[in-house]
Amino acid sequence: MWIKELNLTHYRNYQQASAAFSPGLNVFIGDNAQGKTNFLEAIYFLSVTRSHRTKSDKDLIYFDERDCSISGTLERLSGRVQLEILLSDKGRITKINTLKQAKLSDYIGAMMVVLFAPEDLQLVKGSPSLRRKFMDIDLGQIKPVYLSDLSHYNHVLKQRNAYLKSVHQLDSDFLSVLDEQLVTYGSRVMAHRLAFVQSLAKEANKHHQAISNGLEKLSISYQASVSFEHQQEIYQQFMDQLKTTHQRDFLRKNTGVGPHRDDLIFYINGMNANFASQGQHRSLILSLKMAEVSLMKQLTGDNPILLLDDVMSELDNIRQTKLLEAVKKENVQTFITTTSLKHLSQLPKDISLFKVNKGTIALDSVMID
């Protein structure tokens, strides 16, 4: 798939903007604070209905306006698709081919993206919530049913925690009813995550070995808060562990086990990547991002769109070359933001170059090798 055009109204610093893209490489160039990342963020938001930079939709609306819209035309293997998101103080509306989508799981997945931004370099050493978010975003695009299971799980978890905080004496029978619902959805979430991480680890290691010239092996371990050896055991193990922590949960007023406590651990040559060098971290994240691209292609049969937000300047020449080689091999539509082409000496010549300046975007040139 590839996005053919994007239209913004009252989005960030764009009062009105439109751009048509090539199915290959698209580069946004401009000084800092002109709107390059905002434009890339809009593509990302149109896909996953969330920003990678803010939790508040209000931050996305142009100064002194009450609403904004993002719309785009997507070319998929199955045909052309029109996507639109409307944001206002009343909430948000998502549309596919002008039809409102009642649930996020009905919308997300229509356009798949993989984002590589500077903050992704914190994925290994950052909080576990970052790694859970990483799994959620990928799985949500690949498997819509995952979002449904996760949404139901979070709803029951909120109910359970609210109950624990509100009572002075535990009603085990009532808690068991909540446990049953929590385990039903939670075990599905963990099963999805386990299968995803196992597949992702294989792809990531392939890319990492290519980047390291065969010197390093990358492995990823899914650290579920529920102990189990086989996928078939997840439901029963989760139920058993939840029952044994009733008193603990009552005293602490929260739920101590479940997928909301999951984590990932990365290893390079068997050593925890927390202790890896800065260069190794960059190689690891680069491998992970290209593995996301490969896996989405494998599991859905269509290409995701790759968004590279000012990351080329974070990579040395060798890693830049490896990244661009991988992009060329995967043959996916790619967007790159940069302040200068000097960081992009390894770029192929067949690119569409857009100049971004003070909330305007214009095609500067199409260079063909």
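Keep in mind that glycine also has a Cβ here, set from the backbone N, Cα and C atoms.
Pulled from Swiss-Prot:
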type: BINDING; residues: Gly30, Asp31, Asn32, Ala33, Gln34, Gly35, Lys36, Thr37; note: ATP binding site
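Residue environment of Asn32 (ATP binding site) contains 8 other Cβ atoms, counted within 10 Å of its Cβ in all protein chains.
Using the Cβ center of Gly30, Asp31, Asn32, Ala33, Gln34, Gly35, Lys36, Thr37 for ATP, the list of other same-chain residues with Cβ within 8 Å runs, in sequence order, Asn38, Thr337, Thr339, Val356. Neighbour density for Thr37 (ATP binding site): within 10 A of its CB lie 22 other CB atoms from the protein chains shown. If you take the C-beta of Asp31 (ATP binding site) and look for same-chain residues 6 or more apart in sequence within under 8 angstroms, you find Thr339, Asn357. Counting only same-chain residues at least 6 apart in sequence, those with a Cβ under 8 Å from the Cβ of Gly35 (ATP binding site) are Arg12, Asn13, Tyr14, Val356, Asn357, Lys358, Gly359, Thr360, Ile361.
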